[in-house]
Every structure is written in structure tokens, then in C-alpha cells.
Amino acid sequence: MADSGAPQETTALLGGDKNQTDDGVRGDKIRPNVSSSVTARASYRNSWHALRDLDDDVANEPNKERPGMPAKSYSVNADGTASYLSPLEMGRHELYEMVPFAAVFGMQKKERSLSQAFASFAGDLDAMEADQLEFKKSRTHLSDAELEKRRSHASLLLLDELEFDAVMVTSPLIIAVVMASMVQFMVGYNTGVMNAPASVVFPGHSTGSWAIAVAAFAVGGPFGAMMAGKLADSRGRRGALLIDTWIFLLGGLLQTLAIDMYSIIIARFIIGFGSGFASVLVPIYLGELAPPNLRGMFGTLTQFAMVIGILVSDFFAFPFATEEKWRYLFSITPITAALLLLFSPFLLESPRWLLGRDRSSRKARYIIKILRGLRYDHEVETEVSHFVSASQNQHCDGSCENDTVNSGVAFTEMLMTPKVRTLLISCLILQMGQQLCGINAVFYYSTSFFEGVIDNPLLGTTIVGAVNVVATYVALLLMDSCGRRTLILWSSGGMFMCCVVIVLSLLGYFQNIVALLAVNVYVSFFEIGLGPIPWLIVAEMFDAKYVTTAMAACSQLNWVCNFVVGFVFPYLNEYLGPYSFVPFAIVLALTFIFAALKLPETQGTTPEELMDQLVRKNSSVVYHNMNIEDAHNNPIDLEWKLAMEQLKQEDEAAMESGSYNYGFKPIEGVQPPASGSDWQSGMGH
């Protein structure tokens, strides 16, 4: 065990000499656990000379501790500034800076890898410091087994603490997630709600008018996505979410009380505007409220809320998709929006937005305190520093009012950087493939498509919706073990084969039930690849500072392609008949070829690669007192333990000297009654 009484300094350097020694510290003895494929590594040295140019008070202040108490850990940057964070807080600081402020489906793997990378990085620092202390005391180094045991124990201890946020969820955070998920539920519900009642809403309408009504949803989407960023910056994330809820309420009421198809078209445009608004706002809002290692899980929850919304619209179609009750089917949207407005007082503002406008905001600190379940002001201030530093690192520049401007600058910068430009083009092509593959033709028109194919088209649509939910869960499992490019290839290739089977079934080469089965398999293949991957790789491939800009560009193109499919498919179905899925098959074939030839494998950065990034990033930082086991203990518990040990020592010393009070001596300062009669007379009164 390292002696915590002496201050230690450990410097992380890049690419040190393997045989380098400095005051007995072996450069070849301790280095990060990186794979042989990673060329960069960190070597460490004893650097008592590193603080010569610093003020002595700053250098020695952390070590003014009570006897028996561990010295505080801290780090000194290249510019001489000191950061007084425990190893746990250092790890959380890195997570805040490296995980984008966005809740994205499937990002859990990146979050876990970052936690593992920092735990290994800090474990190496801890082991190095222990080796330094041992050498100073005995002039001998720790053995390889002792170093590995120390490193492993420290890494696991810190990893457990870093992952504690994943189970520490407060009530205000749960309320925010539920309300944001309900907004996404409305997006999914309105994606599928027009599927079943095509023949019962104002019977006699033309194919063109219904196609426009369906596609108007996608027309409003891009406008909503554009406005979301501006309103979120000017009115706050909470204010923008409430505005979006009012938009859903207005559009839902207009659709429920529609007097003709023109009213339906206008209502669909308004609801589409709200849906595009939500597609940008909800991931940002939840990403700024949630701790870094919960953002992926919350993104997954909102994705499930959306696909469940599609399934619920199919279930409600059974009793309500009639000429008398179709308005009940549309009323679910305004009812849900009204409930959200009713519970809006419990919705919190984003602390990142508040701190972007005023870094001394008391409201932001209060929100952080209740969101994280913190008790002490110094804990809140530490969390505030995480938010501010991460915002600066992700190009917020201290003012979230400039996010829109920064997005334009960042987009130009992305186009001017060859490597980033290639990634951006890849993401945009995948977004086109995601929509032009025809998936929304299924969710918009599957009931009419199944007419003449199976006896109950609505049952077929509901089965497709249920398969969609199950396939979303399967996709979540596969993304932890399979590469992104691999999933895109399987997805596009599988969907292409399904399109071929669907066309052959409609031509009479197979039974009609085969067409229903092929559509369900088609949806399943979509959900394991082309559904989530185009969004996930944005969060994985780009630096945190580019993520929001890249997602905004992808969202715009996605909505445009969504409109094309929603408007064109009724005509494809009418004029191409059994060949209506041929254009989608062509798109899928092109997507497969692009993924096979051009798309890089993006399974996600491994912990070893992330550790390499941490070494590079912190190569000029000097770490002090990186004793993870001592830092793991609560300071109050340590004070209590120290006080109890002191009392025990005093009692043992008193026993040895014969002066220990075993309880038979009278308490000093308390006089006993003079006699029993006085006591009895006192009772008599």
C-alpha cells in the first residue's frame, strides 16, 4: 500500500523511451494497458522538479492534511493551473468532455468504453505512484505481480464508481425522460396513424389528396427541425419543448375536428412540423440533463417510445378505423399533448443552457443538485465545472445563444477538412438510403398494400408494427457485438432479397402469405442496420464538437427523402402494381455497394484506442496523489474512522496505566443526593 503521507507527482508523457529511468522509476516497468496495435503509450517519471517554477504555496497546499489523513489528489496542467479533483471526478470530467450532449440510440457501448479507458488510465497512474513510493522507501521496485494486482484493483474500484451514475437516477430526471419519451411517442403515433383509415376518412377522396395528406407530415418536418435549434437557443430547452407540445396540441385538434381533406393536410403539416422539432430537440434536451453514461440509454428509451407509438396506432385502428369513429383515432395526439402540458410544472430547464447564458446561475446549480441527488455545495460546483468545460470543448464557447452560428461555422469547417468531409458524405448517403429504401412506405401504406394479399390488411399492419418493436430490441443487442458496416451490409442485403421476394409473391410465384412474411423480415432487417446505424455513427465517428451539426444536416436530408417516399409510393403502387418495390430494391443494391466499397468499419472506438486518446490528451498534465483506494473513501467516513481509532488508543493507554474508568466512578460534576430521606421527601412533594 502506498504511503499517502508523502506527496507524489506522476507525469503522463507521450512516447517515452522504454529504458528511461528517472530517480529509480523504470520507463519499461509501467505503461498503460494498450494493445500492440496502438503505437502511442504513456511513460511516467518521478518529477519532483516539475513544480520548481510554480508558487510553493500552490504546490504544497494540497498536502496540508491532518496526520493520518490521505493527501488530496490533484493535477497541474501545462500552463500551471491546478485542478483539485479526485480520480473519480477526473474520470467524470473526461466523460463529460468526450460524450456529446445528445441522447442517441445505441451509444451505450461508447460510454462503457470511455469509462473502461479512464479506469485503466488512472489505474496505471495509481500503480506507478505506488512503485515510486516503494522505491523511495526501500530502493526496490514492486514486482510485476504486485503492480498488476494494484492496477487491476484500482481500475475495478474506479470503474464501479464511474458506472454508479447508470443506477443513480433521480425523480426529476425520470420525469424529464418520461415527458420527452411521450413527445417521441406522438411522433411515432402520427407516423402510423394514417395507415389504417385511408378508406374511411372523408370517403371518395382522390389518391393524390391522400398522398399529399400523408406526405405533408414530412413537409413540415424539415421546417420544424430548422426552427428547433433557434427556439431552443432563445427560449431554452424546456421552453422549446413546451412550444413543441402546444404545436402537437394545435395540429391534433385540427386533425380531430377536420371538416375536409384540406384541413387534414394542414393538420398533418403542423404535426410534421412538431415531429421535426422533436427529432432535434429531444436528443439535445435529454443529453444535457442526463449524466454522460446514461445518454445512450435515454436515447434508446425514446427510440422505443417512437416504435411503440407506431404499434399503438395500429392497435387503436381496430376499434376506431371506421367512418363513424376515425376522429377518436386522431384524438390521441391532442389528449397526450394536453397531459404533457398538465405536468409541465415538473419539467426542468437544461442546466447547460442556463450556464451558457450565465455561469453564476443559481437556478442552474439548484437544478444540477436535484438532478444528480447531490447534498453539498462543493459537489454542485464540481458538476458545474464539468458542464462548463464540456461546453467549451464542444464549441459552445460559453454561450449557448451562439450555437446556431457555431453550427454554420462548424458545417463549413467539416466540408473543408478532407477526412471529416468523407465521413459527412458517408452519413448523408446512409440517410438517403435509410428513407429511399421504402421503409416508410410500409408504415404509411401497408394496410392498402396488403389489400388483396391477406384477408385482414389491418392485422398484417399490426403484425408489422409488433415486429418493428421486437427488431428494435434485437438491434440494440447486435450493436454491442457487430461492426456498423457489417450491420449495414446485412441490413441492405437482407432488405434487397425481401424486395425480390415481395415482387415475386405479388406476381404469383409464391403464396400471398409469403409476401406478408417478407414484409416483416424486411422491417426486421431495417431495424438492425439502416434504421439506427445512420444516426449512431454520427455520434461515434465525429468529434463531440461536430455531432450536433452533423445530426442537423442528416435530419434535414432525412425529412426530404421521407417526403419523397410518402408522396410517390401511392403512385408507384397504382401504376407499377406488383413491381412497386423495384425502385426500393435498386436503392438498396446501391447502398450495399457503397457500404461494401466505401464505408469504413465503424464498430466504435475500443477502450484501448480511447485510452490512447486520453494519453495524448493529458500528455502534459502532472498528476499528484493518485491513490484511488484512499480517494474512494468518503472524507467524512475517514474523519470518523480516525476519531474512533484515537479514542481506542486513549482507552488502551488508560487501561495500561490503571486509570481507565470502567463505569464505577461517579460522573464528574454531578453531586449525588445527600441521603435517601431527602430523595424520599422530594418524591413526597
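Note: Cβ is positioned from N, Cα and C throughout, glycine not excepted.
These come from TrEMBL:
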{"type": "COMPBIAS", "residues": "19-31", "note": "compositional bias 'Basic and acidic residues'"}
{"type": "DOMAIN", "residues": "176-603", "note": "domain 'Major facilitator superfamily (MFS) profile'"}
{"type": "REGION", "residues": "1-41", "note": "region 'Disordered'"}
{"type": "REGION", "residues": "55-76", "note": "region 'Disordered'"}
{"type": "TRANSMEM", "residues": "166-187", "note": "transmembrane segment"}
{"type": "TRANSMEM", "residues": "207-228", "note": "transmembrane segment"}
{"type": "TRANSMEM", "residues": "240-259", "note": "transmembrane segment"}
{"type": "TRANSMEM", "residues": "265-286", "note": "transmembrane segment"}
{"type": "TRANSMEM", "residues": "298-322", "note": "transmembrane segment"}
{"type": "TRANSMEM", "residues": "328-348", "note": "transmembrane segment"}
{"type": "TRANSMEM", "residues": "423-446", "note": "transmembrane segment"}
{"type": "TRANSMEM", "residues": "458-478", "note": "transmembrane segment"}
{"type": "TRANSMEM", "residues": "487-507", "note": "transmembrane segment"}
{"type": "TRANSMEM", "residues": "513-538", "note": "transmembrane segment"}
{"type": "TRANSMEM", "residues": "578-597", "note": "transmembrane segment"}
Exercise. So, do the transmembrane segment (298-322) and the transmembrane segment (458-478) meet, by the test of 3 or more Cβ pairs under 8 Å (sequence gap 6 or more)?
Worked result: yes
Exercise. Which listed stretch (240-259, 328-348, 423-446, 458-478, 513-538) has the most C-beta pairs under 8 A with the transmembrane segment (487-507)?
Worked result: 513-538
Exercise. Among the recorded stretches 166-187, 240-259, 265-286, 423-446, 458-478, which has the greatest number of Cβ pairs closer than 8 Å to the transmembrane segment (578-597)?
Worked result: 423-446
Exercise. Short question: which residues 6 or more past the ends of the transmembrane segment (458-478) have a Cβ under 8 Å from it?
Worked result: 105-106, 192, 195-196, 300, 303-304, 307-308, 310-311, 313-315, 317-318, 321, 442-443, 446-447, 450, 487, 516, 519-520, 523-524, 526-529, 531-532
Exercise. Cβ under 8 Å to the transmembrane segment (240-259), counting only same-chain residues 6 or more beyond its ends: which ones?
Worked result: 179-180, 183, 186, 224, 228, 231-232, 266-271, 273-274, 277-278, 281-282, 285, 327, 330-338, 340-341, 344, 347
For this session: With a Cβ cut-off under 8 Å, give me the same-chain residues at least six positions beyond the ends of the transmembrane segment (166-187) that come close to it.
Result: 241, 244-245, 248, 274-275, 278-279, 282, 285-286, 289-290, 293-294, 297-298, 301-303, 305-306, 308-309, 312, 333, 336-337, 339-340, 343-344, 346-348, 367, 370-373
